[in-house]
Structures are given as C-alpha cells and as structure tokens.
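Inspection log for the structure reproduced underneath, given as structure tokens.
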Amino acid sequence: MAALAAGGYTRSDTIEKLSSVMAGVPARRNQSSPPPAPPLCLRRRTRLAAAPEDTVQNRVTLEKVLGITAQNSSGLTCDPGTGHVAYLAGCVVVVLNPKENKQQHIFNTTRKSLSALAFSPDGKYIVTGENGHRPTVRIWDVEEKTQVAEMLGHKYGVACVAFSPNMKHIVSMGYQHDMVLNVWDWKKDIVVASNKVSCRVIALSFSEDSSYFVTVGNRHVRFWFLEASTEAKVTSTVPLVGRSGILGELHNNIFCGVACGRGRMAGNTFCVSYSGLLCQFNEKRVLDKWINLKVSLSSCLCVSDELIFCGCTDGIVRIFQAHSLLYLTNLPKPHYLGVDVAHGLDSSFLFHRKAEAVYPDTVALTFDPVHQWLSCVYKDHSIYIWDVKDIDEVSKIWSELFHSSFVWNVEVYPEFEDQRACLPSGTFLTCSSDNTIRFWNLDSASDTRWQKNIFSDSLLKVVYVENDIQHLQDLSHFPDRGSENGTPMDMKAGVRVMQVSPDGQHLASGDRSGNLRIHELHFMDELIKVEAHDAEVLCLEYSKPETGVTLLASASRDRLIHVLNVEKNYNLEQTLDDHSSSITAIKFAGTRDVQMISCGADKSIYFRSAQQASDGLHFVRTHHVAEKTTLYDMDIDITQKYVAVACQDRNVRVYNTVSGKQKKCYKGSQGDEGSLLKVHVDPSGTFLATSCSDKSISLIDFYSGECVAKMFGHSEIVTGMKFTYDCRHLITVSGDSCVFIWHLGPEITTCMKQHLLEINHQEQQQQPKDQKWSGPPSQETYASTPSEIRSLSPGEQTEDEMEEECEPEELLKTPSKDSLDPDPRCLLTNGKLPLWAKRLLGDDDVADSSAFHAKRSYQPHGRWAERAEQEPLKTILDAWSLDSYFTPMKPENLQDSVLDSVEPQNLAGLLSECSLGNGHTSPGEGLVSYLLHPELGSPKEDNRGHPSYLPLQREATEASELILCSPEAEVSLTGMHREYYEEETEAGPEDQQGDTYLRVSSVSSKDQSPPEDSGESEAELECSFAAAHSSAPQTDPGPHLTMTAGKPEYPSTEELSQPELPGLGNGSLPQTPEQEKFLRHHFETLTDAPTEELFHGSLGDIKISETEDYFFNPRLSISTQFLSRLQKTSRCPPRLPLHLMKSPEAQPVGQGGNQPKAGPLRAGTGYMSSDGTNVLSGQKAEETQEALSLLDRKPPTPTSVLTTGREQSISAPSSCSYLESTTSSHAKTTRSISLGDSEGPVTAELPQSLHKPLSPGQELQAIPTTVALTSSIKDHEPAPLSWGNHEARASLKLTLSSVCEQLLSPPPQEPPITHVWSQEPVDVPPSMAVTVASFCAPSPVDMSTLGLHSSMFLPKTSASGPLTPPAHLQLLETRSRVPGSTAALLEPTPDASGVIADSPGHWDTEVPTPELLGSVESVLHRLQTAFQEALDLYRMLVSSSQLGPEQQQAQTELASTFHWILNQLEASNCMAAANLAPPQTLPSPDPLSLPTLCPLASPNLQALLEHYSELLVQAVRRKARGD
C-alpha cells in the first residue's frame, strides 16, 4: 500500500515528498522498505543549540484557535472602535478580525483559565478575570499583547469585569462564595471602593456617565454609586454605596443580563430574567415596565442606541425598540443541530428551515456600534456575526462551529499524490464528547472538490455518531447554576479515540461506551458498528502498510486488546489479555515483521511479534518490561526502531522495539508537578512533543532530550497532539473543547527537513538485504536481520554509539539450536541489576547467550536472580517453561521433524502420542480433544456491499490448543445459554487439523504467591501436572460441585466499565476541585480501578456469581463474550442446579475402559475447581445424558442452604490480585495466559491458606487430598499407597504443598445426608477423622469472605432484580457469622453412624479422634439448622394467602429442592441403613469394604493414574539422559 498510516509515518513517502518540494519537482512513490534508524546519539549536527528562556518560548507560536469557552456575555466583548471581537478560549484571549478572518492571541501569564473579559472604551486594553484560588484581575495591551497591570483582590474566581466609560475605574465581581465587589483604580493598582454581595451576581453594566453601575443576579438588581467628591478626599478603600432596584412582584426572578441605556435612553436600565421577562428601570431605580418574551428561557441582553437584543432558547434573538420596548423582529436562527455543513454551499441554505429541528440556545451577545454588527455565541459553541443595519434584511458576516465538549483525539489525514485521497491535503480530524467527528482544513487553496461551506471557513464535515444531537449543546449552561458550579454529565457519551486507515479510505473510532465503528471516508457512511469492549475504548491503531497485512487493534479500559483483520471485513483475529489494568496505548511497529507494543496503567510494556498460523495471524509475547511508574502514552519514530513512552514521573523513556531494552530516559516536562500524559514523535523522528497534566506542552529533541520549546494556553490537560506532514504545524486538543494550531519556528522546520534528507541519503547508499525467518526453531526471539547501519560521522561516535550500531546484529543473529535443552540463565525479576549480575552478563545492555556460557560456574544468590535450572533433577518443562514466554514459535518453515521434537509439551499430549506410537488404546485415549473454533458465519452485507456488523470469527488462540471438555458443560447450560453454546460449537473437525505444533494452556492458582522454599524445578514439575490434568475428564458433577469455593460476589460484565462520575462542565471553567479533577480521572487515575472495575487480576480470577449463571449480560460485546467464555471454562466448571446434584451413593462407578468423550469448548484451558485444582471422577456418560434430560424438564434451582456448609474451599480467593501493584516481570509472567496468546505453561501457585492450622469446630472443608495424607498429623507416618505408581511418586519428591499432589489426589465426597436427628453423640469412622484432620477450616469471624451471600440461598428471578432473601435466611446467614453460634451443638442419633460405617469405601478403621467428632457435630448442626430454616420458610410461603411472583418462584424452588433431597435419600438407601445400623457401632476393619470418600473404585481410573505416573517417570528419565 502506498498510504501513510495515521498513527505513524512512512519514511520513504515523507522523504520523497519533502525532497520534491524542495527541488521543485513532483513527488513520486517509492515502495522500498525504510532503512534502519541511526543510533540515538548520532544526530549532533542538526540538533538545535541551547537557547535562552525567551527564545524557547518564542520558537513555537499560536497560529489559530478553533474553540470558545465563553459561557455567558462576560466571556464575549467587542472593540467599539474597530469592531474586533474578543472571546475566551481556555487560557487565551482570542481577538478576531471578522473581515479578514484573522486572529490575535493574548496568553494568560498563569495557567489558570480565564472567566471574564471586557474591552476598554478606546479599544487599547482588555481586562480579564481568572478562575481558581486567589484569581488576578489583569490589564492587557491589545497591540503589544503584554500585561499592563495586575490586581489581586479576590479569593475564589472572578465572575465579571468591566471598564468605566471614562476609563478611570475597573469593576470586578467575584463568584458567589467570594462575595467581593471591587472598584479598582487600575492605573494606581489600588482598590477605591469595595463591598460584599451575599447573592450570586451574573452580570454588570456601567452607566454612560460612569456615575454608577448595576449588578444583577439571583433575586438581585442593585445600583452602585461612585461619589467623586468622597473619592477625592479619601485615599484608602471606602465602602461602596449600593441601592436595590424596586422589583415589585418580580422580586423572585433570577436576572441574567443587564445593560444601561445609551443615547436618549441613558438614564434607563434594561434587565432580562431567566424566566423570559424584559424589564426597564427608570432613573429612580423603579421598575417602569416589563415585557414577556414568550420563550421558555432567556439568557443574555445587549443594547444599542436604538435597539435591544434579547438572546433566548432555541436560537431565538428578539429585537425591540429601546425607547418604547416595541417588538420589531427576530434575528435569523443559526444552523439546526445535526446540520450537514458539507451541504451548505449556498447562502439560502442558512435560511432553510427544517421541520421539527432543534436549534442551539443563545448564551452571549455583544454589539459593534461602528459596523452595526451583532455577535452571538450559541450553546453548541458556535459563533455568528450578523449585520443588523437593516433589521429587515439581516445577513451573516462570519460564523464558525466548534466542539462543545471535551476534545479527546486528533488525527492528520495522510497525503497522496494521486486521486485516491478522500479528503484534501492538510485535513485533520478531531473527536469529542459531543458525539461528533469533525474534519478541518486551514488551507485556503485546498481541493476544489471540497468547496467552502457557508457555515465555516475551516470546517469541512461533521459526522454525528448515531445521529445523536442531545450532547451537542454545552451542558454547563444551565439557568439554575452559575459558571462556578459543576454539573453532572453523561460520562458515557462521546467519541474517545479514532484512527485513519493507511490507505485513507476508512476511519475507525471508539466511543466512551466501548463501541467500535468504521466509517468510509468517501461518503462518510458508517460501515460497521460493534460492541467491542465493556468500557471506553482508549486507543486504536492500524498496522503499517510495509508489513503487507492490514490489522486494526483496539484497546480499552477493560484491559483487553482485540485484533481485527481489515482485509477480512474486520473479522476478529485475536483477543489479548496480558494487561492487568487499563491499556493506555497500543502501537504497531516493524517494516516486514509485524510487531505490536502496548503499555498500560499496570506499569507494563508488552512487546509482541506476529506469527502466521493456519487459522490466521496471532501475536505472541516476546518481551515484557515492568516499570515502577504508570505509562500513559507512547509513539514510534519513523524508523520503526524506537518507541518513546510517556511516564507518570514526567520522564520519557525510549525503548528498542526489537529487544525491548531502554535506550534513553530524559525529562519530558520542564515543571516539577504533574505527569506526562501524551507523547508524539514528528514525521522526521527529530523531535517529540509531550503534554503534561500541568497543561503544558514541550517540544524535545528526540536524541538528546533537550527542551526545544514549551507552550501554554490550554485550560485543561492536553488530550491529543499531532504534527502535520509538512513539518510546519503542531495541532493540540484539550479537555477545554479547544483545538490549537501551533506554528513551528523556521529553525525547527528546517531541522526536521534536514534530518529527513539525511535519512534519504543513507537509504541511497545502502543495499537493503532480504529479511527471512531462521530455519530451525530457536529458543530466542525471532527477528529479521537488518541491513548495515552507516553513521553520519563515525569519527565523532562515542562508545555508546558504537555499541548501539553493533547491538542489532548481536541480538538478531541468535544461533539456531537443534535440541530443546536451554542455556542456564538468570531470571531477572526486579528492575535494574546489581553489579554482580552485570558482571555475570558481561555487559549492561547486550545479554546474549554467550555470556551465560562463559559464566556457568557462577551461581548468584539473591532476590534479583534465581536459577532457571536445578540439578540433578530435570523436568520435561526445562526446555520451554521459561523460553516459551518469550520465544514465538514460527509456523512457517517448520518441518515435521522439528514438530516431533517440540510436541507434545504436556503429559496429556505425551499420553496421546505414546498411545498412537505403541499401536494400542490406552486408558486415557479419548480424554483429550482439540479446541474447536466455531464460526458465526460470514458478515451480512448491506446495500452498499459493506458488512453491517462485525463478525466474530474463530477465537484468536494459537491455532488449536489441546483441552479437555467435560460433557457436563452442556448440562449446565439452560435456555438461551445452551442455544448460544451450541451455536458456538458447530465447527467441524476440519478446523483442528494441521495445528499440532501449538502448546497446551495450563491453569494455576493466581491469587497467592508460591511458597518461597519451593524450588524452580519442583514448581515447573507441578506446572507440568497442572498442564496435564487440565485435560483430565470431569464427568462427576455431584461431588465436584460440593467442593465449589466460596467467592466474593463480583459484578457482571455489564458493570465492568468505568462508572459515571460528576465531572467538569464542558466549558473551560474548572471552578471547583471536582471539575479540575475530572479530566485527570481519565489519565492519572487509570490505575485506580473502582470496585466495579475488576481488572486487577487475570481473567480466571473474574468469577461469575451464583445468580448470573443463567442470565446473559445484556451487552454482548466482544469483551463480554471473551470474559464469559473464560469465566465459564477457565477456573470453575459450570455448576448444576441443586436438584441435579447426585449423592455419592447414587452415582454408579464407571466400569470398562470407555470414558466419555470430551466436548468442544472455545477456551484454551481445562476445567478447574474453584481452588484451582482439577477433579478426577469416574461417572458414566449415561448420567450426563440423564442430567441433560432433567435439565430440560426442571427449572434451575439455586444452591440452597443445605450446601452452604460444603461450599467453602481451602481459602476464599482474594478480591484484589497482587498483580495490581507489582512491578515484577517474573510475577506477572506467571499469571494467566491469554486465550489468544498461548505462551506456555504457567508456574502453579499454592494458596497460602493451605498451611493454616486446623480450627476445631469450624466448617468442614472439602478439598482434594492425596492418600499420603491419610496418616495421623502427629506422627506423620505415610500410609501405603493403594493406587498409582510408587516409584514415580517417590522419585518426584512431591511435598504436601505441591499443586500437582492436589491435582492427582482423589476428591472427597460430601457427607451423607440423613433426616434422623437427635442430641446424642455419634462415632465417626477413623478414615473421616484422618480426612478432616487434613482439612483447613476458615476463620469464623466473617463468613462473607467465604461467599456466604444472600444470593446463594434464593435465585435471581430476572436479570435485573434479584429476590430479596426472607428473614429466616438472613437470620441463618447472620448466625453463621457469629463465632459463638456453634457453642450448642445438636448431634445425630447413633443410627446415623451406621450410614457412614456401612457405606462402601472407607480407607481405614481407626478410632475417631475428639477433634473429628467436634467437626462432624458442627457440620450436622448446621445441616439441621439449615434444613429447619428452609422448612420454616417453605411453610411460611405456603401459608401466605397473597404471593408475588418472586415468592411463588421461591416456593417452587424450595419444593423442588425438598423433592430432590428425598429422592437422593431413597436412592442411596440412607434411611434404611440408618434404621438397621446398631447404635454406637464402629465399622469393622473389613478389607473388602470400600470407603465412601474414595472415588477410585473404578479400576479403569486407577489404571489410568498408574499409566500417567509411568509415562511421567519415563519422560523425566528420558529428559535427564538428554534424549
């Protein structure tokens, strides 16, 4: 493609264009790839020399302002001598010459926004007032643009200012909380008179003879008199004398405008109220007459000698005669809201009225007595200047339409030399919270195809997103508030980010709600709209055209990245979830090799490289940089070699895009406050512009870090910056709704062009080499070999420069390896290295493999490094446990022999391979299935041939990952869930062919860190077990569901977006701290995730609540579907309703070797229990079909009180992940793997609560344990193993804290349920004593941490309104929280012991311990209490005469639950066994009796585990021998 990417610059195109312009010949296209970048320190001849402070300030000048922040008539004024109009725009006063359409600018010396201004009667001076604490009243010379005087006399802001007609005095009125009214002698800089006003003052006006002035406001019209005699005698400040106007029956009105009469009406005063009343006061301050304007609201007033103009709502300006208040006419209305300015080519279009159109309200008026022009400012931030000499033929002199709310982003349209351009050269685009995208062009000689419209000389086109016009008017203009008060705003409105495609044909935009839209730029039609994210889209980026593939990446506050293929109608290629917080920037890099770089508020930078797989392009992480500061933005230079990152500590860090190493770090802001929010590199790669939260903009030399220029002017933080392609302008946008166009000085422009020519000279002298993939797979990062680098002046190079020239070749010429045996290496986990580590590596920068070979004997110790390989034991993960995170497996050129050496990489794959190789069927055959990628069909096309929606193609996993799916996944889906699931799993087996080179995703617990004493090899071995048994069958929903861990209730994915917050008014007036913090909330507080925004951990940590299993999230965005799949498949298996759970006695043990076939899923992980461990069971497949049929017949029943005692796990997952604040790359590497970024196994982490001591009397915890735990805790003597391979377990040195032991251990089953109760003691089998002694009981202080919420007892009857639990259930929950509530224990009858004794499957027959009896008594007591509470609740519902829908639903669910319990008891013969068993009888130690809690009764399952162990031992031995 020959287009320029909007987010980056094509160097060859820019060089050729600039070269041809300088040579005076037409430019031509060159398709050659750009050469490598010169080293960062080479550019010395073109660097600007250090300059004094004044020179730095003047190197960049403000050329044009597109925006206005005037909120009332106090922000608009007119020069009575020349007719120039002055208005406020942030911290700048814009003086406009309407005739010539030229602007002059006066900058406020401080960074406080301006609130009011007024011209002097002679037009030489302007007085301004400020916002903020201790504001200053300043006098400016209009011609010189310098400050003449400043006066400090207010505390909280200035509402309005005015010159006296004789120019002796200036009057300033403070805000309501300031309450100070000052009369200044501005030439002497003293306060002549002062007084306090208790009410809010909105406007003031001087009389023509300067003897008095009038202030109006809330129920306030007051005349203030200046006595010249008293003033001459008194040198100090005197009280200001005021008299109230006599309002009569209008005393309750709010007056918003005032003007003293002129000419023959000089003795009269005119006021207008919000309610639409025009009032006239005579010389005696008496209300003489008033007129109803017949409008819903009026806001401003302006008078001339003969006319009175009243600004009202809906664009109405009424005109009256001054001497008689006779109504004359109305001014023509401005444009209607939503007008297509591109169609307004004829002047008659302005006077065309559209039916039911809405017009913007008038908010400010000023009159030019010289030209008889009336200037009007409307509520949508538009300005019109009308010629009112003849009120019968009013004409428009000048107009402009600006953004009315925060401007979030700016993009410059690419330049083309042919006719492919959709927009004229020099066009730039801006997007705003007013839900518009605006196209601007300041070139008067632009393309004739785009004619100038009658509305604006610079605005070409306005795209109204979804035709929304409700946000076009500034919400800060309300009649019941002053300009100093904030207004809650719709935080979800507006376009947040946009990007132009490289070919200039498409415009991608993301809004505040997470929607992604694609517009085509020929006709501005919306092609695609998709709900992509659950929170606002923060960044968009198209890939570079040199790479040969066109991708679009979108990143959001929901911390997900979606990669779309533009060439496939924006089909979804991959979803990445590496980041643990909001993603602030994403960029594509590389020329032929596609690279993706992203940074976020989690202080991490991820470097990824693309790999071509059979099902599409996938990105694999190659480098991860963890900084100690938040990263807000980044940009890539023209050479695609360096990426500049804006950091919270006000530094700019420059990294190499290939190696991920930091090359430079320098200050990005000259101040000592705030954070860097934006960074942008110019088209030549010479300078970069930065914006700081202190509202400043800096221009910095990219190579030296020296500040070239710094600018101020915006009243809010700068949200976007772009250089133009001609290297002459810098465009900045801000939260003050203004767009500033800065003109770069000639020395800066010359320097940029010179650098482009130097790069062009380099390109002509070197021969680019072909870039190819390496043949065999390497354990290092894949990258292309660059061409030779030639420096500009080798004689002047320093040692760092020479090192930088040699570094790419050293990094990219990694030798290939035939074996998977990795080099010994240090895991660098904590920032910069100490000296010993640098000596170990041999160099500070270059860390190639040779350094490790030379230092094999040195073994460092400390928290900065740990051995990645330990002797003598080697595990099967040695070859890939570390390198797979950073080594992309290139699909092309991989031979079958290579694949054989790489795959399989986990025990499940090893099992399947061995089975095929031996020619017989193993017990584990059929347990592993490939992940299917269902297609939702091709996108539908509209009548223009474009897709009307974004099709979700197959999930972006690394081709087809290995995964086990349990048939119960289908059982757990009801209603729409099952239909949606079946639709997603329609893909045929052809999708899984040819993709066997990819790895298996593993799942581990990520809520706690692993024990410090566990070795690296052991951790890797545990990870191998986790990866293997993530593919284990789970066909026993009953006992497994009793082990579900208690979880804190997380909000649904609908709530995973940024909450609405009260914000700043859309003007530039942040008069309260809440307003000043609004924009910073979107940048500096990206890391402060609220409770509704759970993006602190991995996707597996985001669990679905009990009440959301059977309801869809109403927002079906890509992120929602991605999260939904991960929630239902990554950590916890789908839970069955209570009435579908089968007791252990009722579950037949599978016989024979046939195991249920795994069903397909769309996630890359196996089913795990809630505590992160797998569960092995042996239920027959027929039970799955039976449960499925039950599911079709019975409504879903929630988890009732009968299961609350068994719902707890070893530890409740933490609600805040440790990854939120850590900067350790090693720690973040071990978090969950992205569904679309399979990077290898993750080190399993054991929850720390496993080591907590047992608390007697607490709840029984059902966790997986090994048979080795059946020995007594006191003597720790291991019991003989009844299954598995003894040699394997002995050689693996598995400890009690290993995760793999939990994965292989049989899950305990739920205790038997009985209906017989008494208070007599009962004996418990010793096997249960051992099991209970091995369990960990949680603390009884706060059961809410274990998930005992009200939503666990009663179902949610609808997706929106949960059923409130009755008092009985709330009482039960309250009792469970009280530690003393378990003091009086109810005990079952002795007959109950027979149920336990006679039930099959005890491990041992030892005498029960007293601790066990106490635990069992506690469980039985809670069971009795829960059953009694449920029974009482059911009786109460049955006895009630009037039941609502929720109560009827609760009654039905309770009845269904009771019926299910009864059926289970009858099926398991528990009641008969309880009647026949002798009381107080212990079971005989009969070796033939099978234990109830042992699920290994199936010989097939036992044989499978033994075979697993044997295969593992063989793999370890083979690996140790180096096979």
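Positions of Cβ are set from backbone N, Cα and C atoms, glycine also.
When Ser793, Ser1143, Ser1255, Ser1305 are compared in Swiss-Prot, the phosphoserine annotation sits on Ser1143.
Here the candidates are Ser966, Ser1498, and Swiss-Prot annotates Ser966 as phosphoserine. From Ser432, Ser715, Ser972, Ser1119, the position flagged in Swiss-Prot as phosphoserine is Ser972. Residue with Swiss-Prot feature phosphoserine, selected from Ser33, Ser922, Ser1484: Ser33. Secondary structure counts, DSSP: the repeat 'WD 3' (196-234) has 6 helix, 20 strand, 13 coil. In the predicted model, residues of the repeat 'WD 3' (196-234) average a pLDDT of 85.
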